[in-house]
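The block underneath contains the structure these notes are about, expressed in structure tokens.
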């Protein structure tokens, strides 16, 4: 951490005068520092996160903490409008062991009776609000990664016994077998053929806070794998991970449109289908424009998706939106437009239906 937080003239919290500074350095005075707008923002940033110790002592939260499962922890973030981030597991189960309170000058997070599953990153930041709009103050943040060690649970528990990991050729893939004990020795293994996958530290690396990272996934990596951990006892095995290789062009949705019949008679059933082929983990949304829309002509619209295996180890997500006109009328003659959208953009396709 570069620089020390400026002294505050506010009244001190009980026990706050017992903060133990670490590696305190005396810095030369620079009265013009405040005027220098070009100073790198990283020099101005200061951690607002502290850990509450026994007997009311405080200390700046270290980048990494290792606590025995079962212990409780209290963290505080300075500020009157603080937002927290913590392992999603605690939100998923609406865990009563987690308590967050915003007080006048700081926010307090308490996690009681910790378990191995609570292992993860705990971070906070100050919110700057103007009316209803708020943004993160990048100079007032704090973060710590906490390992809740448990010799019976070397791997951070997960709610499932099997997970799918998508291998995209243009971005790293993570096999998230995280450990609760940072010193544990972890290896990666393929189920068939049975073999250990070499971790070379370049293309495949291991990070105790993430798991195994494939920097440049290829179709050769697909298959079922698991992790093995050892730490002063019998080895433990993680859940299994099914690695599926994905090869779909990046960009706006690849969209097609088809109609049951381009010429329909009065009273006919007509359905128009909008189809997108894309990456398995990329959501697609659909919007429709059709002739009877302004007159509120009743139509039925259904959206669904599924994964399809292309037969060579590649997986694609097929998303569809179906617009159904049950009783075709004169007002239904015209253009049917489908707009498909993903994070990269949107694609518009159209087809025309005429009267027989």
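Each residue's number is its place along the chain shown, starting with 1.
Using the three backbone atoms N, Cα and C, a Cβ is placed for every residue, glycine included.
So that you can see what the record holds, here are the features copied from TrEMBL:
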- 21-31: compositional bias 'Basic residues' (COMPBIAS)
- 31-124: domain 'Ig-like' (DOMAIN)
- 253-356: domain 'Ig-like' (DOMAIN)
- 1-41: region 'Disordered' (REGION)
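Averaged over the domain 'Ig-like' (31-124), the predicted model has a pLDDT of 81. Per-class residue totals from DSSP over the domain 'Ig-like' (253-356), listed helix then strand then coil: 3 helix, 64 strand, 37 coil.
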